[in-house]
């Protein structure tokens, strides 16, 4: 009880309760949470080490000893799916952070300072004109394949979407009286940008970030599958599928389970994002 | 030490033009002059689109004026650089029309007031908490309201918070931009009384922007009537109300509800809408809706004539209205 009363009352005090009232969003939240927990706790849960070879047990189907079977080198697929989740989720999260850093900066600048709006907006339009995966492939090819470069490439690919959302909201907030009040008080512009504009852009930003998290996981898998992403030695869901593809006839489970993990993660993130959008996006809110 | 008659704020020839998207010029405010004496309230009245809000914001340089002067305590605010203007910011404050968008929804009331106190370099800590409680008390709120968010308040309460924010920096001059027109009628009177009390208590000078003359009559020492970016008539409230000399002022007064049925005059309602400020009518801007317009009205912009006692009017036929 004491914890409840001391907890600060937020502007929207019970977002979690509101998410819980919507079954699809709640399902998304639960599955995402479980997947994150499984990945974080992988060393405790996994029955084997991720690169522990067992040549005699190679290409075994799912069973009691190996829940999801073994791969071409006899490594436990369940263990590797768990460990892959760590990389895939980390890459996805890093992409969100990196894309937000670029996108929020561009969006705030374009939305708040009239004279930068045209050049920044045209840059954003130009970047949006490229097909996502093609631009990512080109960037990774230029930078060299590594986890860090995949994050940079996907961050650049997704930044314009965030920039658009932030710009649109900034254009509205810039004209609001509370921003004028701050200017009338002589509050420095950078402080106004953070305290008054950015703080009120957080909701639509959070919604976009959820979708970008899902897209980034998918894109990372795509890049790894195509061989222009993370090195095949590092287990990610994408690299597992890429390798498993060669044994599709004999051992389809090598692909099934990481594939299923991707589908489940992306689907639940999308459901969560849809729910968040209904609650947080002012353009869709009917009564705020 | 300035002479006792020198007004706190003297606006001369204020002009603001916007260039629209298609390159056409919008004449929002043209050659507006008025002055605000220390400790008095000046009402700036006009319909929507008359440029009264633009004029008010230009004085504070929330909108950059295109021309004119605004001499505040001996210094032309329009000639200052952005940096020099900062020093003047806390001497001139603003109260907004919409109490719902004038407070950042993500900031608690104490944070909102604290931002204003930061601007005045007020000390942090216990002294600041005390000052916040004091400010809330001044505007008739309770100190425990400090930890709440704006959405927990009614429109009238929010307007009081907006007033507390403006007062936090101890300004000499406040632009009140239609501070009660978004409120319920029952709350309007409370907020107007509060403003009147605060003005006496802190000897504030107020530029009170409003769209109806009845609110202004109650509160203002002087009144300035604007139409399509220009001043039609200005002068002491008493004189303007008793003896309006401009047809537009007459029309505005005729539309204001009068509580005394025996005082009711024949109404001369204004027909049509305010013309576009992109292409204002030649000569007198009001002639297209003026019941007294003659051909000469289209020829030249009517000069501002002094009727004595600080009463000014811009109408070539004002003598016939006497």
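Using the three backbone atoms N, Cα and C, a Cβ is placed for every residue, glycine included.
Please treat TrEMBL annotations as automatic predictions, because they have not gone through curation.
TrEMBL lists A:85-273 with the feature domain 'ABC transmembrane type-1'. If you look up TrEMBL, you'll see A:25-49, A:89-113, A:133-159, A:205-230, A:253-273 marked as transmembrane segment.
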| query | Quick one: do the transmembrane segment (A:253-273) and the transmembrane segment (A:25-49) have at least 3 Cβ pairs under 8 Å, skipping pairs fewer than 6 apart in sequence? | reply | yes
| task | Please work out which recorded stretch in A:25-49, A:133-159, A:205-230 has the most C-beta pairs separated by under 8 angstroms from the transmembrane segment (A:89-113)? | result | A:133-159
| remark: Per the Cβ under 8 Å criterion, with at least 6 residues separating them from its ends, the transmembrane segment (A:25-49) contacts 19, 67, 75-76, 78-79, 82-83, 85-86, 89, 261, 264-265, 267-276, 278
